[in-house]
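> If you scroll down you'll find the structure; I have some questions about it.
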């Protein structure tokens, strides 16, 4: 890729049907972890018009009212009226959970290469990424895509724009010059709305009340605004589209700025490295950038089911490193325990903290529960690198 280019990322609101599913899955996970922190959970959710289906594999001693958890999550999101696409009071909730396969459990409970440590819950590859485009060390396009739909939700909830509805999508296209964000080329924002509001009113309010307060003014030079470009967005949420857990994995991570290993996060307990190792890889990458070892850092880790130690830990800094990528990778392996049990202890992951992650991005948010966003290893890495 040349140093001058356009790059686009998107986000969706908490009311998007796939995000409704993600939040229900993580609400189920949290409810279980609150009672049984060693539970094995793989909770999947489907939501459609008037229907929620809960399925997957759960092994736990917890006693959870899964139907009530689903209804409360839908209520919190704001779907309390059938006109919005689904109503928490009247929707049907079907529960079809099974237990974790004993074949999987035996490999996770006792690692084949280290009997003192938990084996990975599956094979797979995971990526973490950080860059210095924003103070949160996230790529500019995905960071601001999240903030746009987050503000849409805020204005809906506090009543400033009472005609807003829960479902919304954003997309930010950024012009890069010399490899750095230079200006916002295009913003797309589509929001579900009440039927009696005009397109002109929607456009003005979205631009003035949502977009301009969020995006840095100096980046809005010749920006194109596309607001509800179909002209109407009344039918939304699970009525407009069927929602499924795990269908927004690029929204959840880096907006396409980094590769993705393919494994979704929501509904999975920390023994699933799809989730825990991706969080750890973000933690590593963010600390590398915070330490000043590189302006950009991509970390890949991979695992085999039942084996504790990662097969590889690979660092790529895209030519921005102060020391070689190989030396950074060696420092990472020295200062971060990337075995599944080590990750859980390092990041304190056996907590009911996951529903909050399921909308507006798992990364780049300074939430107190998000231990993987800490930069507490930066000084250690910098000293070890001799900088």
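Including glycine, each Cβ sits where the backbone N, Cα and C put it.
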> Check Swiss-Prot: it lists 57, 241, 272 as binding L-methionine. Then name which of 100, 192, 199 it lists for that same site.
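When Swiss-Prot describes the L-methionine site, the candidate it includes is 100.
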> Cα within 10 Å of residue 18 (Mg(2+) binding site): which of the binding-site residues 168, 241, 248 qualify?
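So far as Cα distances go, the binding-site residues lying within 10 Å of residue 18 (Mg(2+) binding site) are 241, 248.
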> What is the nearest of the binding-site residues 57, 100, 272 to residue 241 (ATP binding site), using the Cα of each?
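Comparing Cα positions, the candidate nearest residue 241 (ATP binding site) turns out to be 57.
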> Of all the binding-site residues given, namely 44, 168, 232, which is spatially nearest to residue 272 (L-methionine binding site) at the Cα level?
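Of all the candidates listed, 44 is nearest in space.
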> Indicate whether residue 18 (Mg(2+) binding site) is helix, strand or coil by DSSP.
helix
> Given the L-methionine binding site residues 57, 100, 241, 272 in the record, what is the largest Cα to Cα distance, rounded to whole Å?
30
> For residue 248 (ATP binding site), identify the closest of the binding-site residues 44, 57, 100, judging by Cα separation.
44
